[in-house]
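Below is one structure, written out as structure tokens; the observations come after it.
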Amino acid sequence: MNPQAKLIFAISLLLGTTIVISSNHWVTIWAGLEINTLAILPLIAKSHHPRAIEAATKYFLTQATASTLLLFSATTNAWYTGQWDITQLTHPTACLILTSALAMKLGLAPFHFWFPEVLQGSSLTTALILSTAMKFPPMTLLLITSPSLNPTLLTSMAILSAALGGWMGLNQTQIRKILAFSSISHLGWMVIIVSYNPKLTLLNFYLYALMTTTVFLTLNVIKTSKLSTLMTTWTKTPALSAMLMLTLLSLAGLPPFTGFLPKWFIIQELTNQNMAPAATAIALLSLLGLFFYLRLAYCATITLPPHTTNHMKQWHTNSPTSITIAILTTTSIMLLPISPMILTTI
């Protein structure tokens, strides 16, 4: 793709995101979301592969439907209350429609079906943008409008997301699809707490984005997109493969790593809100995700490929690891000790 075109699309993504997070009028928010959608579409379809075109088409149709629902929700609220301000969302029907629209934008169950397919049809870099930056505007809207939304509905959708994200990721062999279901599962953790402590949702989103960025950039360096080739990459960059294993365990939420931090805080807050059954359910459902993270980690470092494999071992490369990946990996693994400091800011 032409560098000038890439620059225009990148600027458009930044512009759309900035408009959404800085607006308080529903029409400008809708315009910002549309700019975002139109800017990412060429990046998804740039390879001209039929799967990429299919992914771009699915993404466009889903996001257009979600934007229409968002505008319909704002219009309904304005019709009954005379308010176009984002904080004045009071009509119950408008709140229900907005919940559906934001769930569709984020890929939250039961509106999650488009997300794994779109990620599978995209390149690793575009999949990274879709998993992190493109979720930021709708997540901001969810945080701002959370006092108006129905907590019971959000909790139900969150537990359903954690369940489906775990179950459907179990039998996948494509790494992008596994990371897509991981994203759906993490969204469940973010949404379950948004009505009670939105700052925890934001913290979870930031740490999820940090760890996912690390995994995608590492996979991009070792040029791997499925489990069978992941098994043969340990010869290419052994140190990076080892760090990938630790980052995946962090993404799973195991205690010594950064990923345990948001889960710990969320379970604590849910217990304080007398929601121990919901906390127990979502904690047990995260064990499903742990299985496929462990399988990825196992394939990345612990498994030696069988001698009958069709894949040749890759040549060891002596090129130094990018400083960006080094910093991201370190923060993805070692932030747990500063949790008391983070707790004081929440």
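Along the chain as shown, the residues are counted starting at 1.
Yeah, the Cβs are placed from backbone N, Cα and C, and that goes for glycine too.
Copied over from TrEMBL, here are the features:
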- 23-287: domain 'NADH:quinone oxidoreductase/Mrp antiporter transmembrane' (DOMAIN)
- 290-343: domain 'NADH dehydrogenase subunit 2 C-terminal' (DOMAIN)
- 7-23: transmembrane segment (TRANSMEM)
- 59-79: transmembrane segment (TRANSMEM)
- 91-115: transmembrane segment (TRANSMEM)
- 152-171: transmembrane segment (TRANSMEM)
- 178-196: transmembrane segment (TRANSMEM)
- 202-222: transmembrane segment (TRANSMEM)
- 243-266: transmembrane segment (TRANSMEM)
- 278-302: transmembrane segment (TRANSMEM)
- 323-343: transmembrane segment (TRANSMEM)
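Between the transmembrane segment (91-115) and the transmembrane segment (178-196), the number of CB pairs under 8 angstroms, six or more residues apart, is three or more, so the stretches are in contact. Nonlocal intrachain contacts for the transmembrane segment (7-23), taken as residues 6+ away from its ends with a CB within less than 8 angstroms of a stretch CB, comprise 29, 31-40, 42-43, 86, 129, 133, 136-137, 140-141. Here the transmembrane segment (323-343) has Cβ contacts under 8 Å with residues 203, 207, 210-211, 213-214, 217-218, 221, 240, 243, 246-247, 250-251, 255-261, 264-265 of the same chain, all six or more residues outside its ends. Here the transmembrane segment (178-196) touches the transmembrane segment (243-266). Their Cβ atoms form 3 or more pairs under 8 Å, with each pair 6 or more residues apart. Same-chain neighbours of the transmembrane segment (278-302): 155, 158-159, 162-163, 165-167, 169-170, 172, 175, 178, 181-182, 185, 188-189, 192, 227, 230-231, 233-234, 241-242, 244-245, 248-249, 251-254, 263, 266-267, 270-271, counting only residues six or more beyond its ends whose CB sits under 8 Å from a CB of the stretch. Over the domain 'NADH dehydrogenase subunit 2 C-terminal' (290-343) the predicted model carries a mean pLDDT of 77. Distant neighbours of the transmembrane segment (202-222): 124-125, 127-128, 131-132, 135-136, 139, 143, 175, 179, 182-183, 186, 189-190, 193, 233, 236-237, 240-241, 243-244, 247-248, 250-251, 258-259, 261-262, 265-266, 321-322, 324-325, 328-329, 331-332, 335, 342, 346; these residues of the same chain sit at least 6 beyond its ends, with a Cβ under 8 Å from one of its Cβ atoms.
Listed by sequence, the residues of this chain that lie at least six past the ends of the transmembrane segment (243-266) yet keep a Cβ under 8 A from its Cβ atoms are 182, 189, 192-193, 200, 203-204, 207-208, 210-212, 214-215, 218-219, 222, 279, 283, 286, 289-290, 293-294, 296-297, 300-302, 329, 331-336, 339, 342-343, 346.
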